[in-house]
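Listed features, source Swiss-Prot:
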{"type": "TRANSMEM", "residues": "5-25", "note": "transmembrane segment"}
{"type": "TRANSMEM", "residues": "64-84", "note": "transmembrane segment"}
{"type": "TRANSMEM", "residues": "89-109", "note": "transmembrane segment"}
{"type": "ACT_SITE", "residues": "ASP113", "note": "active site"}
{"type": "TRANSMEM", "residues": "122-142", "note": "transmembrane segment"}
{"type": "ACT_SITE", "residues": "ASP130", "note": "active site"}
Amino acid sequence: MAKTFKFIFYFWGAFVLVFVLDQWVKSLTLAGLRWQSEYLDLTYALNTGVAFSMLSFLEHNLKYLHLALIVVLFIYLFWQKTLLKTHSIAFGMMLGAGVSNLLDRFIHGGVVDMFFWHKWFNFAIFNVADVMINISVALILIQEIFKKRKKDDRMD
């Protein structure tokens with residue numbers, strides 16, 4: 001595989017993997033999968049907002065804002081290829097998760113959430129896509145920190 005197209009393979013591989021995994025877990029949740037434990041429950045919630053149900057007052061208009069943000073990020077990444085090459089897996093994960101949640105908004109009227117972490121405190125209910133978005137942001141930050149350290153080491 002040509003080195004110049006390797007990042008595209010990584011991007012789309014991560015995108016598809018995250019999208020399929022998230023939709024699969026959501027389909028199990030919608031089919032009635034439930035589980036309770038001392039720390040974590042698998043349940044069902046439909047989030048019509050974004051994180052912590054913010055912006056839920058936008059109702060069905062939120063899906064169009066969500067769509068616009070994803071389209072803008074796609075365009076920016078494919079225009080700014082250096083950023084995409086550097087963080088292809090992380091952005092693939094992030095956009096796969098974002099598109100999966102967007103699909104939920106169009107099909108279900110909100111995002112299907114299922115994980116409820118409640119040991120010591122009640123945390124917001126979240127889904128696989130939410131976890132992948134957080135992991136992708138952490139990956140980008142870690143890569144940037146190490147890139148800066150390498151650059152600083154070369155300057156010394």
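Using N, Cα and C of the backbone, Cβ positions are placed for all residues, glycine too.
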Exercise. Just the number: how many Å between the Cα atoms of ASP130 (active site) and ASP113 (active site)?
Worked result: 9
For this session: Determine which residues of the chain contact the transmembrane segment (64-84) at the Cβ level, with the cut-off under 8 Å and only residues 6 or more beyond its ends counted.
Result: 7, 11, 55, 58, 91, 94-95, 98-99, 101-102, 105
Problem set entry | For the transmembrane segment (5-25), sequence-distant contacts whose Cβ falls under 8 Å of one of its Cβ atoms, 6 or more beyond its ends | 84-85, 88-93, 95-97, 99-101, 103, 114, 127-129, 132
Exercise. For ASP113 (active site), which DSSP three-state class applies?
Worked result: strand
Problem set entry | Sequence-distant neighbours of ASP113 (active site) in its chain (C-beta under 8 A, six or more apart) | TYR44, ALA45, LEU46, ASN47, ILE125, PHE126, ASN127, ASP130
Seminar exercise, completed: Per the Cβ under 8 Å criterion, with at least 6 residues separating them from its ends, the transmembrane segment (122-142) contacts 18, 21-22, 25-26, 43, 45, 47, 51-53, 87, 89-91, 93-94, 96-98, 100-101, 111-116
Problem set entry | DSSP-derived class (H/G/I helix, E/B strand, else coil) of ASP130 (active site) | helix
Seminar exercise, completed: Cβ contacts within 10 Å for ASP130 (active site), all chains included, total 20
